[in-house]
Amino acid sequence: MNSNGHEEEKKLGNGVVGILAETVNKWERRTPLTPSHCARLLHGGKDRTGISRIVVQPSAKRIHHDALYEDVGCEISDDLSDCGLILGIKQPELEMILPERAYAFFSHTHKAQKENMPLLDKILSERVTLCDYELIVGDHGKRLLAFGKYAGRAGLVDFLHGLGQRKLILGYSTPFLSLGASYMYSSLAAAKAAVISVGEEIASQGLPLGICPLVFVFTGTGNVSLGAQEIFKLLPHTFVEPSKLPELFVKDKGISQNGISTKRVYQVYGCIITSQDMVEHKDPSKSFDKADYYAHPEHYNPVFHEKISPYTSVLVNCMYWEKRFPCLLSTKQLQDLTKKGLPLVGICDITCDIGGSIEFVNRATLIDSPFFRFNPSNNSYYDDMDGDGVLCMAVDILPTEFAKEASQHFGDILSGFVGSLASMTEISDLPAHLKRACISYRGELTSLYEYIPRMRKSNPEEAQDNIIANGVSSQRTFNILVSLSGHLFDKFLINEALDMIEAAGGSFHLAKCELGQSADAESYSELEVGADDKRVLDQIIDSLTRLANPNEDYISPHREANKISLKIGKVQQENEIKEKPEMTKKSGVLILGAGRVCRPAADFLASVRTISSQQWYKTYFGADSEEKTDVHVIVASLYLKDAKETVEGISDVEAVRLDVSDSESLLKYVSQVDVVLSLLPASCHAVVAKTCIELKKHLVTASYVDDETSMLHEKAKSAGITILGEMGLDPGIDHMMAMKMINDAHIKKGKVKSFTSYCGGLPSPAAANNPLAYKFSWNPAGAIRAGQNPAKYKSNGDIIHVDGKNLYDSAARFRVPNLPAFALECFPNRDSLVYGEHYGIESEATTIFRGTLRYEGFSMIMATLSKLGFFDSEANQVLSTGKRITFGALLSNILNKDADNESEPLAGEEEISKRIIKLGHSKETAAKAAKTIVFLGFNEEREVPSLCKSVFDATCYLMEEKLAYSGNEQDMVLLHHEVEVEFLESKRIEKHTATLLEFGDIKNGQTTTAMAKTVGIPAAIGALLLIEDKIKTRGVLRPLEAEVYLPALDILQAYGIKLMEKAE
């Protein structure tokens, strides 16, 4: 070891403690030690506390600000290099791990969780000692450091907050409406006081009879449930036994003769249920037995939906659950109950067990948007509270809402033994409960956790081709399937089981592993165990049976802590008929950019393995091959958080941070894949293309092929790669539809006389609810500037030039023949003549026109606003003075330039309209422009933001604010081609049309815009065609070749993006 290594090694046990700034989650405000804990540790002296210094990384969001730590003697610094022990709450970023240090945090690695193995690898490679809070267990067998009660407390407060809003939408005003979310209160005491106030109002004013009885059902009896019940008990309440629930619904409903409720209810009801209330034995002669249920859940039927759910208003889910147990409430059960008019209002899933015991809770929610609505009638998810369905909450970081109290509780316990960790130089120095919590020591796994590599190596997902040296059990003469359930990992029973197998001379292979997701949850594993001698296999079974059923002959060191359940099954033998092994071709795609377009592209590529077995896929890519294509997708973004959010819920997609200006990082990731799909701004494509040429990787973009990229054609060709550009919607699908129509005409010996194309990204009719009938899905500046570009096209042989300032005035009414309900207009889109060259029709077509679509009336209003000066991008004198003015004052400045009194206020539509008329516009035009100006808020007496230096800036600011899509609104894409074909021999003229109409959709709570789909999916199809080697042309190309556009259009249709074609 070099001298620097010796210096690093000396840090361990030096008594200097570091506290990390939490960076993984924006809401994480907890801290392992509060200033008061630090004060006691520092002022107690190193001889007594084991701590000489505490260095705190600065954090503006931590619940206790830096100055409070500094006041008690802590040092504030980003540099923790002097620290031998570093504390956090959640896992730190990998680059924050310093070598030869001790770390303590919740690592979530001891069950070999796949997603956290890179963290463990980093820990081991940096020779770090890791103590996991989750594994610090007291003599009673329970965790010492946990936040369960705080999750329960915050969870129920948050749900009551949402319950008030939901009831109001359903037509009932309740005291819950005044309650805020947990994080809105300065302390737990303040939140409790607010709940008490709600309770007092219920006790004195009552609740509407129409929502009563209001029954809260709590699952489980652990700390989470106790915390939630603690909040519930602040309300006037009565607890009811599960068997008594039906009685609440048969009492006098208090309905008068005219059918109106005449009574109020002055309390709420609670019911605590455990597993015995959720299931019953399949054998009617047998009663519920908890031990039997945990060992053999298959012997029991679920009954919660029959006995409890019909009487539940709010289900507060606090219990652990495993996949081998029946669902508490399935989607089908909820749908059946809904038809019967059940009273279920909402699910408060504090466990945040996604797709777990409550099947339809399909995603975690955020503290600042904690709710979603599931409508079982149409199996749809919504982000609002309006409409039918069940309100669901599943926040996974609830304790941080009471960060002050949670941190105090945590630090009270941690400060009792942090000194031992800070002064530890040898693991043997630690007390037993801390020693058992150390997953690694100086970069080596401790003996209790040596099973982790074994689990990783035998996990088919992680190492399908790298089974451990013992060999797969199916290679042995005698084989069995052993099912183990219990606290296999946190109680280290898995070590004993694997040791027994190996000690007897057997082998094992992990066939299945389902990890318990909480301290109380059990884990479940299936091991294929093999031996070449039947007696050896019998010995293994006997040993495992004794481990599962300890007695005087065999006492497990952990017998008191837990038992495991054991089942023996059959493994397919060598002489049995086996299915032909599936052959898979592995490919990789790197997607650069994590914007809206990325998700549908990533989703398509990640689903290739599934769709490659479908008939249409075999048709396009070859039915003879037995191989399935499996595409591993890497999504790279400058901000890792964006990439992670974009790919959430898509399997086999990896999110990474990548700055394309960092050539080393770009080379690293491009080298790992077969195709790069760049969804970055066009200005970034050249640098990406050069890297692809260097590494001989194909590239796909959805952007126009610019001059810089075109110049790379020969280099790309020499490298044997394809750079496929313009593979989106416009450009993209428009090219492909056009080339198919034109090529079909030429094959039939026809001559294209006229080619016209119209395309627009629009709000759906329901979302076109403003004077412009238009909305922006991103900053409107680009769209407005596009409306000022000059245009050129050919009409009946004449070349028509349109100046940018007259573009909106040139708009003409337009109707799609097959879609007459859409009242549209179009204006020319830049230079249409270049498309005559691209499509090979420049000499034969007398009309070549490409237009942009908008709803009718848009252009007249935009032209008027432009003439009035609302799009003036030069610095405005009033805005540049530094004096803050209101939008109303700015409006007066714009419209009163030529008036005698420039400061004349313009309050309403009528006054604004009159002023516009005075400026030379017609009455109709003025009225519509005035309506738009008022809608945008230009007449409001609020200050113009200081960042607005021009009227154009102010207009864009208001348009972005007022013309944005709300959560449930759909956008729409409409693309329409018309081609007139003349057949010289027959002297007939045919008109061919092709139309694409696509709407955005909401699926599993995720909104995907039509624009994102129609740009992202074609780009992904381009990548797939290159992966499957269906594009043979090399160099820079557009989708103008039949080898691209024919399969691409067919795949688009097979994937659900429909094209309507017609000939007359």
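Backbone N, Cα and C atoms are what each Cβ position is placed from, and that goes for glycine too.
Annotation source Swiss-Prot lists region 'Lysine-ketoglutarate reductase' at 24-445.
Here Swiss-Prot flags THR238 as phosphothreonine. In this structure, THR238 (phosphothreonine) is part of a beta strand by DSSP.
Among the features that Swiss-Prot reports, phosphoserine is placed at SER458, with the record citing experimental evidence.
Summarising the annotation, Swiss-Prot assigns region 'Saccharopine dehydrogenase' to 583-1064.
Annotation for LEU853 (L-saccharopine binding site): spatial neighbours TYR758, CYS759, GLY760, LEU762, PHE814, LEU824, GLU825, CYS826, LEU974, HIS976, criterion Cβ-Cβ under 8 Å with sequence separation of six or more. Taken from Swiss-Prot, the feature L-saccharopine binding site applies to SER703, TYR704, ASP730, ARG830, THR852, LEU853, ARG854.
For LEU729, ASP730, PRO731, the entry in Swiss-Prot reads NADP(+) binding site, with the evidence type similarity to another entry. According to DSSP, ASP730 (L-saccharopine binding site) sits in a coil region rather than a helix or strand. ASP730 (L-saccharopine binding site) is surrounded by 22 other CB atoms, counting those within 10 A of its CB over all protein chains shown.
Neighbours of ARG830 (L-saccharopine binding site), defined as other CB atoms within 10 A of its CB across all chains, total 17. When pLDDT values are averaged over the region 'Saccharopine dehydrogenase' (583-1064), the model yields 89. For THR238 (phosphothreonine), the Cβ neighbour count at a 10 Å cut-off comes to 11, with all displayed protein chains included.
The shortest Cα-Cα distance between SER703 (L-saccharopine binding site) and any of the recorded positions THR238, LEU729, PRO731 is the one to PRO731. Every protein chain considered, the tally of other Cβ atoms within 10 Å of the Cβ of LEU729 (NADP(+) binding site) stands at 26. Every protein chain considered, the tally of other Cβ atoms within 10 Å of the Cβ of ARG854 (L-saccharopine binding site) stands at 24. Of the recorded residues, ARG830 (L-saccharopine binding site) and PRO731 (NADP(+) binding site) place their C-alpha atoms 13 Å from one another.
Straight-line distance linking the Cα atoms of PRO731 (NADP(+) binding site) and TYR704 (L-saccharopine binding site), rounded to a whole number, equals 7 Å. For the pair TYR704 (L-saccharopine binding site) and LEU729 (NADP(+) binding site), the C-alpha distance works out to 11 angstrom.
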